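Participant: Have a look at this one before I ask anything.
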Amino acid sequence: MAAGTSIVPVAVTAAVAPVLSTNSDFSDLREIKKQLLLIAGLTRERGLLHSSKWSAELAFSLPSLPLAELQPPPPITEEDAQDMDAYTLAKAYFDVKEYDRAAHFLHGCNSKKAYFLYMYSRYLSGEKKKDDETVDSLGPLEKGQVKNEALRELRVELSKKHQARELDGFGLYLYGVVLRKLDLVKEAIDVFVEATHVLPLHWGAWLELCNLITDKEMLKFLSLPDTWMKEFFLAHIYTELQLIEEALQKYQNLIDVGFSKSSYIVSQIAVAYHNIRDIDKALSIFNELRKQDPYRIENMDTFSNLLYVRSMKSELSYLAHNLCEIDKYRVETCCVIGNYYSLRSQHEKAALYFQRALKLNPRYLGAWTLMGHEYMEMKNTSAAIQAYRHAIEVNKRDYRAWYGLGQTYEILKMPFYCLYYYRRAHQLRPNDSRMLVALGECYEKLNQLVEAKKCYWRAYAVGDVEKMALVKLAKLHEQLTESEQAAQCYIKYIQDIYSCGEIVEHLEESTAFRYLAQYYFKCKLWDEASTCAQKCCAFNDTREEGKALLRQILQLRNQGETSTTEVPAPFFLPASLSANNTPTRRVSPLNLSSVTP
């Protein structure tokens, strides 16, 4: 076997051996293509269809191989030959989802491939029965109420094989999945890491490992194989952990080495831009992806989220109809249709489609979160809380679910709960101003004004999306009779509005001008006060006050009052707060005090 960086297990079948020799660089794309084609076949033989599809798509993005370089199928072992009839029959049953029947005919088989399909059939049979029980129970189901009854037996059997070092890379992958399903996270991580060493080309093992990593520190301590597959894994996990700058750099490197035609990489880049709310860039990439791969359904629910945010009704309608024609019973299609009805304010219909998506896949994260949003719109807070909690059970890294729970408890006027959930959302998205503004408002309600100030300042520092942080901070300074600081915030708020170049109606603009007019008037700076008072006259709610102030200024000037030369200390803003754009660099979460009732 060619020398490689992977750990080779004691028992390795001849069929899998060629896969294990993977290099850590991308110098030989022809060899990488051969490996991808080989693993696509091996995963397909074992019913691992998503891994097979991923490998095939990636192989398709690389140049074709000449006939002389195409690899022959792996040699058949004596054990494979003995189990061939049972395997062929069982695989046919497996493909039509008759899992118990497949397992029955594979019982007693000794080859690695047949044994994996036997165990995997039993696992999927248990999952199917569990899903059948939960399909009509999308209400208040407690975690773990419905379980896959086969898991414990599978764990016992696979554990014995593992201790005897008789599991190949696929067997280790399945053992890891069983451990994860039993909430044995630490053991599952160890087994998945071992699986990536034994069979580094199996994307499924990397993906399962990705779902168990909660932060960058955890990632640092993993002993991963030095293989080119690790680059795809790191790019994916960086996107999941909201380390977007690092993720985009990794994907750009992969494009540069020869994967520029990969629809998977293009879609992941679009998702990354979606995560940092660079909506125009994400929409542009998704539109380009649709031209390249018009029948693609993966990630189209994310595309629909972007269209929803931009209120692009006709485009969202077209997308929904198009996906319906391709496959109306895919979870992504149901979510797109749900978003379409939500944009039309038909929230009951929207919730119905998100429920349909969850009947198709109860572990589909996006549908739980979106259904929570719909219940919020329908003022059904208890159902919204349940939906958000389900989303967190599926993925604890989903900041939208934590944020949604915070909003729900805010409506219920439960600020301590609200604070906890907003803090969790902020830890996951430390450079998202919406989380910070929500946290600031929460601290304000709890009269923790120092913490509220911190939140509003940081919200502005990371690029205030809604342009509200400075106004809220200014009002906080007003409340504390810190007039100079309040004026400073209002001045910067006005500067930001006029510098962005957009003609947008800002509700707090009149408030800012009114305060500044009064502030300059008190400081006897007549010219500045007059300018701000004139601006007040342009708004309905401050017109009369502006006119009254202008009359007072004119009266004082006629009486011989002159502008003061004793100008207060000059206003300045820290250099870190001068940026208007949201940074892609991840900043650390704020060190905020924990308030308990």
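Residue numbering: from 1, along the chain as shown.
Glycine too: its Cβ is placed from the backbone N, Cα and C atoms.
Because TrEMBL annotations are produced automatically, they should be read as predictions rather than curated entries.
Sharing the feature lines straight out of TrEMBL:
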- 32-270: domain 'Cdc23' (DOMAIN)
- 331-364: repeat 'TPR' (REPEAT)
- 365-398: repeat 'TPR' (REPEAT)
Participant: Count the residues of the repeat 'TPR' (331-364) that DSSP assigns to helix (H, G, I), to strand (E, B) and to coil, and report the three numbers in that order.
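Facilitator: Within the repeat 'TPR' (331-364) the tally stands at 27 helix, 0 strand, 7 coil.
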Participant: Which residue counts does DSSP give the repeat 'TPR' (365-398) for helix, strand and coil?
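Facilitator: Counting residues per DSSP class in the repeat 'TPR' (365-398), I get 27 helix, 0 strand, 7 coil.
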Participant: I'd like to know the mean pLDDT over the domain 'Cdc23' (32-270).
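Facilitator: Residues in the domain 'Cdc23' (32-270) carry a mean pLDDT of 89 in this prediction.
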